[in-house]
């Protein structure tokens, strides 16, 4: 099993090795693949983790058909079958991988009979998510698949150590792919911004009002932003000091710009979806009301 200290140590080591590498400006469109009319051209790779996905079922259904490749990491195959197969048996992943300590044997057999590539990965030095991500990336490269981003369902909720392990995989991912990797929970999304300049599109209408920038593993010595309610201006962030949580967007903001010298975790809220309308529109409960902790420790 992986220890939390080892995970954080890997984050620190990674941040140290990349702090001097300033990438060119990168454009992020975290929620564009869920917009009506765009999902079939989203060119995403899907990964399902071992967390309940009922609350994001409308999002998952929206991009399933347009996904280039679909994979379930171990118990993620259980979640997919529980959530989707009762209404439509076409929701079968292309790949089921893991050490198989969580997935039910009958689910493995079910997927295998319907064409899934079942890959046993017994290595205990990496999480099932990390191993599944590497498999997906290798297939994308080997087959020259047109993939623009990797979307991971079931990344948040439940055990805090597993959540941190999923965030750690974002650090590891940059060593194997240049593709954006988005972690999704029931009502939130996160991605890792490497040192450099970034533009994040926030104009889909699916964004909830809260967002944040979090330094993981090491101090961020200098970061600046535009498009936020509380912007950073060449400020440092670290645990025990300033972290930009419970932030929000500037009025009428279409995008957020971030310039950073160290890796930062971008987090944002997603509207709570309830269903998909007959016209392809998404029905949701409206903007989440987030309490703002208006202190220097919570935002700029």
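Heads up, the Cβ atoms here are built off N, Cα and C, so glycines get one too.
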Subject >> Annotated stretch (region 'Disordered', per TrEMBL) among the listed ranges 253-276, 277-300 >> reply: 277-300
**OP:** Across the whole of the domain 'Thiamin pyrophosphokinase thiamin-binding' (196-264), what does the mean pLDDT come to? Round it, please.
**Re:** 97
Subject >> Secondary structure content of the domain 'Thiamin pyrophosphokinase thiamin-binding' (196-264), with strand meaning DSSP E or B >> reply: 0 helix, 39 strand, 30 coil
